[in-house]
Amino acid sequence: MAELFWFEKYRPRSFDEVVDLEEVKARLREFVKAGNMPHLLFYGPPGTGKTTMALVLARELYGEYWRENTLELNASDERGINVIRERVKEFARTAPVGKAPFKLVILDEADNMTSDAQQALRRIMEIYAQNTRFILLANYVSRIIDPIISRCAVFRFSPMPRSLMAERLKFIAKNEGVELREDAINMIYELSEGDMRKAINLLQVAAATNKVVDANAVASAAIAVRPADIIELFNLAISGDFVKAREKLRELMYLKGIAGADFIRAFQRELIRMPIDDDIKAEIAELLADVDYRLTQGADEEIQLTYLLTKLGAIGRRVKPATTQPRKK
């Protein structure tokens, strides 16, 4: 049997196993205790536990019969609101298994539905409200129409704090017989931006070929720019050594496969920590934003990043700042 993705293998199965979201858990526990609940809307960035919490709630409500009483749908995968309507109708027409008073429909990516489709969904929610509850999952609550929001208890899911992510990653690494270095945790957190699913996937990919996972292993797994490489590139460019800076850029692009957007994200992360004046940081941040915009419009990556290096060189000639040093591991 193929090995499970670690994200699925270590997905919490109960409220007690969820390491964050204390306020959300407290309110959902009250619903379980009462044996009843309204429709729910979970919103927040990817990887913040929305699907996990919905499945945990199903397990807590229904126990051994949670699969029979739960229907999972994805608004992006389904072929339109008519398919969703028919599947919900088929699911809701039978009584819940066990002593549950209602069945549960989990609809992921609800914010990807058009306004017309959401209006139709609202009517579906009303028609089957007697014996069915909906949990809608969305990245952006602003994309959900007000008539649906008004019919739901709304819960916000935030990116996991670094301390809790580190704790979870260490737990998984220990269980899998992997030595996880602190610099690897730092890089995983920065690259995942609080997305726990992405963080665990990065750890698994890095651990596939390394029993000791450090920042270099994570960078290789993610095809990401190491902080030391960004610092070196910045120092070469701002000191006016354009030839060496361009050589370093091409090495990272064509030998290590780093994409233009990844360069910009890495520069932005490191810029905050660089020991240079705030007005220079602001100027560089504006430059990064300009280059990032042109990349999103389809401009050539090498040309745009080379332009970035020349502009950094011009800033360096004007202000002559001291070079910055790589962060200590």
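Glycine residues also receive a Cβ, built from the backbone N, Cα and C atoms like all the rest.
Straight from Swiss-Prot, the features:
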- G44, P45, P46, G47, T48, G49, K50, T51: ATP binding site (BINDING)
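Structure with Swiss-Prot features highlighted.
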residue : record           : Cβ within 10 Å
G44     : ATP binding site : 20
P45     : ATP binding site : 14
P46     : ATP binding site : 17
G47     : ATP binding site : 22
T48     : ATP binding site : 23
G49     : ATP binding site : 23
K50     : ATP binding site : 25
T51     : ATP binding site : 18
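Classification of T51 (ATP binding site) by DSSP places it within a helix.
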